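These notes concern the structure reproduced below.
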Amino acid sequence: MSEVRDGIIRDNKGIDFNKLHENTLNVLSADAQSEDFELIPVKDPRQTMEEMKSKYAIRFPKIGVGKTYLIKTYGCQMNEHDTEIMAGMLREMGYTPASGVDDADFILFNTCAVRENAEDKVFGEIGRLKPLKRKNPELILGLSGCMAQESAVREMVAKTYPYIDIVFGTHNIHQLPELLEQAKHSQETIFEVWEQAGEVVENLPKVREHGVRAWVNIQYGCNKYCTYCIVPYTRGRERSRLPEDVVAEVRELAKQGYKEITLLGQNVNDYGIDLKTVDFADLLRMVNEVEGIERIRFTTSNPWNFTDKLIETIAKCDKIAEHIHLPVQSGNNYVLRRMNRGYTREYYLELVGKIRQAIPDVSLTTDIIVGFPGETEEMFQDTLSLVREVRFDNAYTFIYSPRKGTPATRFRDQVPEEEAKDRLQRLMDTQYAISKEINMKMKDQVVEVLIEGESKTNPDVLQGRMRNNKLVLFQAPRDTVGKLANIRIMEPQTWLLKGELVEVLEEVGV
Ligand code: 5AD
Ligand code: SF4
């Protein structure tokens with residue numbers, strides 16, 4: 001059985017992946033009407049990534065020559081990076097990007113299933129494409145990502161949206177070329193969804209968005225089974241990429257001139273648990289050695305297993321940026337337990353204290369859910385007080401959204417929508433005031449910014465980020481993109497800081 005030490009639920013015989021899942025079931029049977037909850041079998045973690053690496057030789061038939069594609073991406077950075085990989089494969093097949101839905105030969109929805117409103121939006125957009133498909137039967141429509149992993153979504157496609165040509169899951173991305181080839185000859189929707197992760201396919205081509213910052217996957221899937229979350233079911237169990245593959249990709253990116261990399265995983269600080277030879281701190285040190293890279297970021301961390309070694313490594317490695325996204329979800333212990341988060345409020349606050357002591361300039365951001373089943377006003381007040389105590393730089397706040405197949409849907413006492421909306425508003429007001437106060441203190445400071453390119457909202461100015469991930473807008477010549485610069489903060493706001501170029505720093509990197 002698992003035991004609680006230092007407020008964290010740990011396994012007493014080292015890591016056993018099923019224990020986490022078992023804990024979910026304990027929470028369920030203690031607090032909910034405990035009907036049978038289907039256990040998704042967890043594969044033997046001793047199966048190494050080396051064994052799991054694909055033996056596939058991917059073919060890229062040139063069926064896209066003269067054709068265009070459009071990918072609409074929803075959800076997290078993991079999805080955005082999957083889109084870069086799919087765009088890379090399409091490029092290999094001859095496709096070029098379309099300027100809009102009207103001139104696209106292939107439209108793909110790369111979807112998110114974390115909250116219901118994201119799903120509604122996708123179905124709405126697909127519905128609007130029906131006339132286009134009727135006008136141009138050659139148009140290929142696809143649906144990929146987390147929604148495709150849900151059987152209810154696949155049934156819905158078959159029933160209501162049969163004009164979608166291909167539906168493929170998060171484990172089937174590498175099959176896009178063959179699916180497109182099949183779609184040309186098929187009258188019916190082709191479904192290709194593996195329920196569980198199969199091989200990890202290395203070295204797929206990628207089209208990366210811009211030339212300064214790049215994402216690098218280090219880990220896929222999640223074993224945490226938070227009771228509200230669909231990710232363990234849509235992305236499968238945690239699998240770490242081999243460190244040498246990660247480092248090789250980062251070296252290649254440095255060679256191509258990228259200055260900043262973000263290591264991606266659902267729980268990056270669990271990296272390597274399955275490999276048993278390295279942990280996340282070791283990987284960070286290896287990546288920190290890569291010449292040419294100026295900044296290293298990572299997301300998402302989990303408060304669970306955020307070790308002292310990791311804190312020390314972040315503090316010591318010069319390239320690791322001072323920003324940690326550390327989702328807390330709630331400030332109340334009863335809610336945290338029902339969420340199966342595996343830590344307490346006290347543990348979280350202690351962890352924040354340790355991080356701030358070791359990395360004094362660190363910027364902390366978080367995710368918070370309000371209206372989780374059983375959350376009373378008093379419990380919500382604990383979340384507000386935690387937010388005031390920690391003073392996060394920013395928080396992504398959500399109303400709990402029941403996801404079919406997750407344990408929390410079985411909890412009684414769901415919070416009425418109006419109540420949840422009201423809590424969300426109060427939480428946002430509290431956090432925004434704190435974000436603004438923190439930013440206001442930066443007025444007149446000169447900060448180091450990595451210049452990324454044009455601002456997304458105003459093409460007349462450039463944007464860049466401070467090491468702590470805060471967005472800065474300023475005027476500067478275009479040829480400074482990709483360089484580090486000192487910027488004086490003139491006008492701090494809640495979400496961004498407006499500044500003035502002081503000097504471009506020496507040519508960095510390679
Ligand atoms: N309802 C609301 N928010 C959710 N998240 C995950 N699942 C749900 C859900 N069912 C939020 C969590 C997570 C972030 C990515 O999305 O806060 O950290
Ligand atoms: Fe979902 Fe994150 Fe919990 Fe995993 S750790 S189950 S991805 S909320």
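Any Cβ shown, glycine's included, is placed from N, Cα and C.
Just so you know, TrEMBL annotations never went through curation; they're auto-generated.
Database features (TrEMBL):
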type	residues	note
DOMAIN	67-185	domain 'MTTase N-terminal'
BINDING	C76, C112, C146	[4Fe-4S] cluster 1 binding site
DOMAIN	208-437	domain 'Radical SAM core'
BINDING	C222, C226, C229	[4Fe-4S] cluster 2 binding site
DOMAIN	440-503	domain 'TRAM'
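All features noted in TrEMBL, drawn onto the structure.
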residue: C76; record: [4Fe-4S] cluster 1 binding site; DSSP (3 states): coil
residue: C112; record: [4Fe-4S] cluster 1 binding site; DSSP (3 states): coil
residue: C146; record: [4Fe-4S] cluster 1 binding site; DSSP (3 states): helix
residue: C222; record: [4Fe-4S] cluster 2 binding site; DSSP (3 states): coil
residue: C229; record: [4Fe-4S] cluster 2 binding site; DSSP (3 states): coil
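Within 8 Å of the Cβ centroid of the [4Fe-4S] cluster 2 site, not counting the listed residues C222, C226, C229, the chain contributes K224, Y225, Y228, I230, V231, P232, Q266. Of the listed binding-site residues C76, C146, C222, C226, the Cβ environment within 10 Å is emptiest of other Cβ atoms at C76. A simple way to gauge crowding: the CB of C112 ([4Fe-4S] cluster 1 binding site) has 21 other CB atoms within 10 angstroms, across all the protein chains here. In this structure, the CA atom of C222 ([4Fe-4S] cluster 2 binding site) is 14 Å away from the CA atom of C76 ([4Fe-4S] cluster 1 binding site). A distance of 17 Å separates the Cα atom of C76 ([4Fe-4S] cluster 1 binding site) from that of C226 ([4Fe-4S] cluster 2 binding site). Taking the centroid of the Cβ atoms of C76, C112, C146 as the [4Fe-4S] cluster 1 site, the other same-chain residues with Cβ within 8 Å of it are Y74, G75, M78, N79, T111, A113, V114, A118, G145, V231, T234. Around the Cβ of C229 ([4Fe-4S] cluster 2 binding site), 22 further Cβ atoms fall within 10 Å across all displayed protein chains. Screening the binding-site residues C112, C146, C222, C226 for a C-beta under 6 A from any atom of ligand 1 leaves none. In this structure, the binding-site residues that sit close to ligand 2, with a C-beta under 6 angstroms from any of its atoms, are C222, chosen from C76, C112, C146, C222. In this model, the domain 'Radical SAM core' (208-437) carries an average pLDDT of 95. Counting only the Cα atoms, the space from C146 ([4Fe-4S] cluster 1 binding site) to C229 ([4Fe-4S] cluster 2 binding site) is about 12 angstrom. On the backbone, the CA of C112 ([4Fe-4S] cluster 1 binding site) and the CA of C229 ([4Fe-4S] cluster 2 binding site) stand 12 Å apart.
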